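For 75-95, 115-134, the entry in TrEMBL reads transmembrane segment. What TrEMBL records for 173-207 is domain 'ABC transporter'.
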């Protein structure tokens, strides 16, 4: 055939090839100019009206495309889960309007905090007394017998107090204003006894109370929650000497983690703190 340059010469092979003319094509698309009024509209006039008929006859094909891409089987499962969550789930917590003194000054300030606890743990028990009967405060879900509630109140030593008078008993209003701080803690322990949970969280359960009530609370915990996992926040270190482990926090950092009696046998931060607490006046 020859080299590339020989093919491109005037008398070469390429020059002798026939030239095909381009066919004329017609297009159905026509560009029509628009006037300024059609594009911008009359700025001084009323805004254009929207015909609702055009909205009612919208094209569902686009939405249908995305629904079909998701898969009908997935949609069925999704709708079933939504229905189960909305209609079949029984929430194991107390729904109340927080009516403590702090809530009067700052209404619903802790609502997000309680919701966060419930979403994290799945169970929410608020350690407080709520407006209502004695029965509702001890058994808010209403799934326990009268005898079980009375026995729980007897275990914490409150049944004789709450059953006094003509209006006393389970259906009497909870006399919150007549109960001391320690007795309110005992009500919360009675509520915890009624719950069949496996974890008990105590936040300063024995703080600001007399020695007799403190000893009673310790006996109740040892009797009814010996098989539970107990997480306690305490400054009275005598109340946690029988615990399996103690975490000593200093300036937001964990400095010690061991058995409390083991820490007392060596020069530890827990031992120094324990000795300092013993030297304080009662």
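Residue numbering: from 1, along the chain as shown.
Glycine residues also receive a Cβ, built from the backbone N, Cα and C atoms like all the rest.
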Number of helical, extended and coil residues in the domain 'ABC transporter' (173-207), per DSSP: 17 helix, 6 strand, 12 coil
Overall pLDDT of the domain 'ABC transporter' (173-207), taken as the mean: 82
